[in-house]
Amino acid sequence: MEPNGTVHSCCLDSMALKVTISVVLTTLILITIAGNVVVCLAVSLNRRLRSLTNCFIVSLAATDLLLGLLVLPFSAIYQLSFTWSFGHVFCNIYTSLDVMLCTASILNLFMISLDRYCAVTDPLRYPVLVTPVRVAISLVFIWVISITLSFLSIHLGWNSRNGTRGGNDTFKCKVQVNEVYGLVDGLVTFYLPLLIMCVTYYRIFKIAREQAKRINHISSWKAATIREHKATVTLAAVMGAFIICWFPYFTAFVYRGLRGDDAINEAVEGIVLWLGYANSALNPILYAALNRDFRTAYQQLFHCKFASHNSHKTSLRLNNSLLPRSQSREGRWQEEKPLKLQVWSGTELTHPQGNPIR
């Protein structure tokens, strides 16, 4: 009886673990899809968000949405069964989509950091530096790199050790990695963007602190300290999430290229892979919900008040415009909120004339 009881207990533990993993992966997929759908809807329904700055956020949301729809369901099935049941041809398509969309997601994050670096370090020349043509070129660059490292490399066998497409085991489906592909993909997709993002966000943080000190004479010391704290927390969340989610995966990826595809345990490989996928679920929160305009759009979206809000805002502007300048200045400051270059970090920029931009 004892051996049978032990086997039964192991089966129950295995089933409980599989159910737990299924719930976690399903929740992650639903959050990824729902969060990025909300970002796309917010931009499509709110004209205020249709700006060049938000082009990269929309591109990021669309990329992560495609990842949640086209890749994550098959990854979850494979993770739970440890068996690929969809054939060799679809395996190549699946792995190519996986690499392409993950690469595009990371490169979009990289472009967002460069965009905000230009906005903070040189706000007066920002409209000259960031033009529709340059944004379009940047988006084309993202997808050219992503397609080259995914569909082109995998279907031509550049990533495999023997130069063939796909592996020999028809019941397994994962990206093969040789030395050159592992190093090139790791550097282009993660390590170089990570280095540049660290530099840009450090510069943004320094400027945010300087601005907080500069407006210290206008507002209380406590308010300036709170603004600086918010900027620190936001930047730490953005970089922390990116590093925690992707660093383990690309470390394992490069290690596989150097040591062989079977150098890492499948369970560990699955954990670091889904940790990277989790970044696509966090992006709508980190890059949209922390932005004041996006938060307002989310509230409007969930309460279905786009029309009433816009009409109310228009009436306020018309009423303020009819008042004398001396009488309407304070009301316009609170209600109208003129066109601004908002930095998502939560720290206020300073207008050339000395007025803070909220």
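Counting begins at 1 with the first residue displayed.
Heads up, the Cβ atoms here are built off N, Cα and C, so glycines get one too.
Taking the topological domains listed in Swiss-Prot, Thr20 lies across the membrane from Ile57.
Disulfide connectivity taken from Swiss-Prot links Cys173 to one of Cys40, Cys55, Cys91, Cys304, namely Cys91. Counting Cβ pairs under 8 Å to the transmembrane segment (180-203), the top-ranked stretch among 23-44, 58-81, 93-114, 135-159, 234-257 is 234-257. Cα of Asp98 (site 'Essential for histamine binding') to Cα of Cys91 (disulfide bond): a distance of 10 Å. The recorded stretches the transmembrane segment (58-81) and the transmembrane segment (267-288) share 3+ CB pairs below 8 A when only pairs 6 or more apart in sequence are counted, and are therefore in contact. For the topological domain 'Extracellular' (82-92), the predicted model reports an average pLDDT of 91.
If you take the Cα of Asp185 (site 'Essential for tiotidine binding and implicated in histamine binding') and the Cα of Cys173 (disulfide bond), they are about 19 angstrom apart, rounded to a whole number.
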